[in-house]
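Just below is one structure, and these are the notes that go with it.
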Amino acid sequence: PGTVTCNENEIIVEFPSYVGTKTLHASVVDPLGVEMLNCTYILDPEKLTLRVPYKACTRAVHGGYQMSIRVMNNSAALRHTDVEYQFFCPVEQTLEFSKSAACTKDFMSLSFPHIPTGLGDSTMVNESQMGWMVQAGHGPGAQTLSLEEAKGQGFGVLIDDNKMTLSVLLNATGVTHYVEGTSHLHTMFLKLSLVSPGQKMPFPSRAICLSGPVTCNATHMTLTIPEFPGKLESVSIENRNITVSQLHDQGIDVEAINGLRLHFSKTVLKTKFSEKCLHDQLYISSLKLTFNLELDTVSTVINPECPCDSPASIVSGELCTQDGFMDFEVYTHQTKPALNLDTLRVGSSSCQPVFKAQSQGLVRFRIPLNGCGTRHKFEDEKVIYENEVHALWENLPPSKISRDSEFRMTVQCYYTRDDMLLNANIKSLPPPVASVKPGPLALSLQTYPDESYQQPYRVNEYPIVKYLRQPIYMEVRVLNRNDPNIKLALDDCWATSSMDPASLPKWSIVMDGCEYSLDNYQTNFHPVGSSVTHPEHYQRFDVKTFAFVSEAQARSSLVYFHCSALICNQHYPDSPLCSVTCPGSSRHRRATGNTEEERVTASLPGPILLLPNGSSFRGVGDSKEHGMAGDVTSKTMAAVAAVAGVVATLGFISYLCKKRTMMLSH
C-alpha cells in the first residue's frame with residue numbers, strides 16, 4: 001500500500017499520494033480478517049499515514065511481529081476496493097548495534113546480527129530490490145547516504161553469516177571530535193536502514209570512543225575524559241560494575257575540571273611484564289566507561305597502560321676524557337613530554353652547563369669527575385664514574401609538581417685498566433701556619449629511613465612521606481672538623497610550617513638539649529656507636545610525627561624541621577649545655593650560664609609530608625617510604641590527628657621566652 005517503517009514501538013505505513021485524502025479508510029484486522037476492536041491506532045488522512053503500536057495490534061511470531069490491515073478506497077477512479085496487506089517487523093532488541101564500540105587508533109566499529117532479506121512477504125519482495133541506507137549524524141546536519149556513498153566517506157560494511165560489522169573512520173561524516181590535552185573523544189550517531197519496495201527498517205545506534213595516553217605517578221593512574229554532552233553513569237573493571245556514587249570507596253576519585261579526570265589508586269591497577277619497559281608495567285584490563293548521552297546509554301571499553309619509566313642509565317661515551325671530565329648532551333625533545341631545560345641540574349650541585357641553545361633545545365654539560373657530586377665504582381676491569389641529571393617536564397603546572405613530575409637520567413663514563421698511566425712529580429709544600437682564630441661552625445641536619453642510621457634520604461627524595469605517630473629518625477652532625485677533643489652540644493630543635501626557621505607558629509621537640517617535657521610524644525635520643533670516626537660529633541634522636549595545630553585549626557601537612565647547636569671542649573666545658581643531664585631543669589641550667597655562645601642553626605634539606613593513618617596513599621610505593629607519595633602540592637593534604645591545643649599555645653609562649661644569644665667557643 002506504500003512504505004512500511006518498523007520502529008522500536010510502532011509500525012508506520014505511508015500511503016502513496018494517489019490515494020485520496022477523503023476516500024482513505026484503513027483498519028487493523030486479525031489473520032482471519034476480523035477488525036481488532038481493542039487496537040488503538042492513528043489514521044491521518046491528511047498526511048496519508050497509519051501509525052500502529054505493536055501492543056494489542058500485532059501478533060507475536062518467531063523473531064518479530066506480524067500485522068494485517070484492510071485498506072478501503074471509495075474513489076471514483078478505483079471504484080470500490082477492499083484489499084488486505086500483511087507485514088512483518090523483526091524484534092527490535094535482536095537487531096540493535098552492540099552497546100560498546102570497538103575502538104582503535106583510526107576507526108570505531110559496531111556490530112549487530114545479520115538481517116534476513118525476507119522482510120514482509122518473501123514471495124512478493126525481490127532480494128535484488130533491497131538495499132541499505134546510512135544516516136550519519138542527527139538534527140539539521142544529518143546526512144543520508146547510500147551504502148556506496150557511505151563507503152566513499154569513511155564507512156565500511158562487512159556482512160557474514162552471523163552478523164554485520166560497520167567500521168567508521170574517526171574523521172568520517174557524522175563523527176564529532178572532543179579534545180582535552182592529549183585525550184581525544186569521538187561520538188557518532190548512526191541510523192542504518194534496510195530499504196525495500198514498500199518497506200524500510202531502521203537500526204539506530206550511538207557510539208563513543210576514548211583515546212589518548214594516561215598519566216601515572218607514584219600513587220595513581222589518571223585518565224582524562226574531554227568535556228562533551230554525556231554524563232558518566234558507571235565504571236566497570238573486568239565486568240565488576242561500579243556506580244559513580246561508589247567510585248571513591250573503590251579507590252577511584254573523580255575530578256571535574258575541563259571534563260573529567262578519573263584518578264585510579266595503584267591498589268586498583270595490575271602489573272605485567274613488558275619488553276619495552278625496564279620494570280613491570282601498570283595497567284587496567286577491560287575498563288568500561290558507561291555514559292548517558294542524550295537519553296541514550298553508550299559505553300566504551302579501553303585498556304589503559306602507564307607509560308614506561310625513563311631509562312635508568314644512559315652511557316654518555318665509552319671513555320671519560322683524558323683531562324678528567326665527562327661530556328654529555330641533553331635535548332629538550334629527548335623525552336615525551338619535552339623537558340624544561342631551565343630546570344636542568346646535575347646531582348645535588350649547582351654545576352652549570354657549558355653550552356645552552358634554547359632555539360635548538362640543546363644543553364651541553366662538561367662536569368669534573370671529582371666534582372658536581374660525581375660518584376665512582378669498580379666493576380671488573382673498569383672504573384665507572386656516574387652522575388644523575390634532573391629536570392622538570394615542560395609546561396608543568398606549578399600545582400602539579402610531584403616526584404613523578406621530575407625526569408631523571410643517569411650518565412656514565414669509565415676508564416679501563418689499559419688506559420694511559422700519567423706520571424706525576426709531587427712536591428710537598430711546607431705546612432701552613434696554624435691559625436688560632438676559631439673558624440665558622442657548620443652543621444648538617446639529616447633524616448634516615450630507620451634507626452640503623454645507615455643511609456640518609458637524598459635531597460631529591462624530599463618531601464618524605466610519614467604517617468602520624470610514625471618516628472622520624474634525625475641526625476645532627478658537625479661538618480669539616482676532625483678534632484677529637486670537641487663534642488656537639490644540641491641546643492633546641494623545632495618544627496615550622498614554612499622553610500623559615502624563625503617563622504611562627506613553631507613547635508618544640510628538643511629544648512636545652514633534652515626532650516620537650518610538654519610533648520605527648522616525647523623525643524627519644526639514640527647512642528652513636530663506633531661506626532663513625534668521631535661519635536661525639538653527632539647527636540641522634542627520633543621524633544614521633546604529630547598533627548600541628550595553631551588556633552584550633554590543623555596546619556599544612558608539609559612540616560619543616562630545624563635544630564640549633566654549639567661546639568664544646570670536652571676537657572673544659574664552658575657552657576651549661578656542654579654538661580646537660582636529662583631529665584632536669586633545663587631552664588635553670590640556661591639561666592645560670594655565665595658565657596654566651598654562638599649557636600648555629602641547621603635545617604632539613606626539605607619538608608616532611610605528614611599523612612593521617614587512614615590516608616589512601618598508605619601502602620603505595622616503597623615499604624619504608626624511601627620516596628615521595630606523588631602529587632604533593634596538587635592537593636594540599638591537611639593533617640588530621642589533632643594534638644591538644646595547649647601544646648601549640650605553650651610552645652608559642654616558650655618561643656617568646658627563649659630570647660637569648662650564645663657565643664661559639666672551643
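Even glycines carry a Cβ here, placed using N, Cα and C.
It should be emphasised that the depicted structure is a prediction, and the values quoted were computed from it without experimental measurement.
Pulled from Swiss-Prot:
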- CYS6-CYS89: disulfide bond (DISULFID)
- CYS39-CYS57: disulfide bond (DISULFID)
- CYS320-CYS413: disulfide bond (DISULFID)
- CYS351-CYS372: disulfide bond (DISULFID)
- CYS493-CYS563: disulfide bond (DISULFID)
- CYS514-CYS582: disulfide bond (DISULFID)
- CYS568-CYS578: disulfide bond (DISULFID)
- 319-585: domain 'ZP' (DOMAIN)
- ASN38: N-linked glycosylation site (CARBOHYD)
- ASN73: N-linked glycosylation site (CARBOHYD)
- ASN126: N-linked glycosylation site (CARBOHYD)
- ASN171: N-linked glycosylation site (CARBOHYD)
- ASN217: N-linked glycosylation site (CARBOHYD)
- ASN241: N-linked glycosylation site (CARBOHYD)
- THR410: O-linked glycosylation site (CARBOHYD)
- ASN613: N-linked glycosylation site (CARBOHYD)
- 417-439: region 'Disordered' (REGION)
- 1-636: topological domain 'Extracellular' (TOPO_DOM)
- 657-666: topological domain 'Cytoplasmic' (TOPO_DOM)
- 637-656: transmembrane segment (TRANSMEM)
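Overlay of Swiss-Prot annotations on the structure.
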{"residue": "CYS39", "record": "disulfide bond", "Cβ neighbours (10 Å)": "17"}
{"residue": "CYS57", "record": "disulfide bond", "Cβ neighbours (10 Å)": "21"}
{"residue": "CYS89", "record": "disulfide bond", "Cβ neighbours (10 Å)": "23"}
{"residue": "ASN171", "record": "N-linked glycosylation site", "Cβ neighbours (10 Å)": "12"}
{"residue": "ASN241", "record": "N-linked glycosylation site", "Cβ neighbours (10 Å)": "12"}
{"residue": "CYS320", "record": "disulfide bond", "Cβ neighbours (10 Å)": "22"}
{"residue": "CYS351", "record": "disulfide bond", "Cβ neighbours (10 Å)": "17"}
{"residue": "THR410", "record": "O-linked glycosylation site", "Cβ neighbours (10 Å)": "16"}
{"residue": "CYS493", "record": "disulfide bond", "Cβ neighbours (10 Å)": "26"}
{"residue": "CYS578", "record": "disulfide bond", "Cβ neighbours (10 Å)": "19"}
Disulfide-bonded residues compared (CYS6, CYS413, CYS568, CYS582) - highest count of Cβ atoms within 10 Å: CYS6
Integer Cα-Cα distance in angstrom, CYS6 (disulfide bond) to ASN241 (N-linked glycosylation site): 34
ASN171 (N-linked glycosylation site) and CYS582 (disulfide bond), distance between Cα atoms, whole Å: 77
Rounded Cα-Cα span from CYS320 (disulfide bond) to ASN217 (N-linked glycosylation site), Å: 35
Rounded mean pLDDT for the residues that make up the topological domain 'Cytoplasmic' (657-666): 37
DSSP state at CYS493 (disulfide bond), helix/strand/coil: strand
Length of the line joining the Cα atoms of CYS39 (disulfide bond) and CYS89 (disulfide bond), in Å: 17
In the chain carrying ASN38 (N-linked glycosylation site), residues 6 or more apart in sequence that have Cβ under 8 angstroms from it: ALA56
CYS372 (disulfide bond) - helix vs strand vs coil (DSSP): coil
